[in-house]
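Residues or ranges marked as 5-phospho-alpha-D-ribose 1-diphosphate binding site in Swiss-Prot: R41, G42, D98, D99, L100, T101, D102, T103, G104, K105, T106. The feature Mg(2+) binding site is assigned by Swiss-Prot to D99. Under the heading guanine binding site, Swiss-Prot lists D102, I145, citing sequence analysis as support. The xanthine binding site annotation in Swiss-Prot covers D102, I145. The annotation GMP binding site is assigned in Swiss-Prot to D102, T103, G104, K105, T106, W144, I145 on the grounds of sequence analysis.
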Amino acid sequence: MSLPDKAFPVSWDQFHRDARALAWRIAGMNRDWHAIVAITRGGLVPAAIVCRELGIRLIETVCIASYHDYTSQGDMQILKGVSETLLENGGEGVIVVDDLTDTGKTAAIVREMMPKAHFATVYAKPKGRPLIDTFVTEVSQDTWIYFPWDMGFTYQEPIAGDKRG
């Protein structure tokens, strides 16, 4: 299995700063948010940070699995939906949080459930970006984001390869 050539490694510190920046942007909208729905699993960490920063106590999850081999996305399956009370009024006043929108397939499924919710991700790729209301950083579609919860400390090859000099 070969992963994409373009890598975007994100440290815990950087992710925390970016998630706080996401909360800052949402706070600037001056709306009355009453709940957050985290898209699991990637949305759990940014949702915790956004909840803290915005003072939101009601946190829900929606669990959607995409079975894949880290090079291609498979079929989407809803493992756990959103509670009925948060689905009322199309999700108005609810922030849906995820770490990343890639193809937009996951966001499309949740947006179908909650068309009036506000969708926020820390990172966005071009294909998924139209489905997201607020994000912090856009990366190219062919970039692989390495999140801190997926990494350990290992040696990294130089970008230029094995050029001596």
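Cβ from N, Cα, C; glycine included.
Annotated features taken from Swiss-Prot, shown on the structure.
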| residue | record | Cβ neighbours (10 Å) |
| --- | --- | --- |
| R41 | 5-phospho-alpha-D-ribose 1-diphosphate binding site | 14 |
| D98 | 5-phospho-alpha-D-ribose 1-diphosphate binding site | 30 |
| D99 | Mg(2+) binding site | 23 |
| L100 | 5-phospho-alpha-D-ribose 1-diphosphate binding site | 23 |
| D102 | 5-phospho-alpha-D-ribose 1-diphosphate binding site | 22 |
| T103 | GMP binding site | 15 |
| G104 | 5-phospho-alpha-D-ribose 1-diphosphate binding site | 19 |
| K105 | GMP binding site | 16 |
| W144 | GMP binding site | 15 |
| I145 | guanine binding site | 21 |
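In this structure, the C-alpha atom of T106 (5-phospho-alpha-D-ribose 1-diphosphate binding site) lies 12 angstrom from that of D99 (Mg(2+) binding site). Residue pair D98 (5-phospho-alpha-D-ribose 1-diphosphate binding site) / K105 (GMP binding site) shows a Cα separation of 13 Å.
The two recorded residues L100 (5-phospho-alpha-D-ribose 1-diphosphate binding site) and I145 (guanine binding site) have their Cα atoms spaced 9 Å from each other. Note: the Cα of K105 (GMP binding site) and the Cα of I145 (guanine binding site) are spaced 17 Å from each other. T106 (5-phospho-alpha-D-ribose 1-diphosphate binding site): 23 other CB atoms within 10 A of its CB, across all protein chains.
When the alpha carbons of I145 (guanine binding site) and T103 (GMP binding site) are compared, the span between them is 14 angstrom. Secondary structure at G104 (5-phospho-alpha-D-ribose 1-diphosphate binding site), as computed by DSSP, is coil. Put simply, the two farthest-apart Cα atoms among R41, G42, D98, D99, L100, T101, D102, T103, G104, K105, T106, the recorded binders of 5-phospho-alpha-D-ribose 1-diphosphate, are 16 Å from each other.
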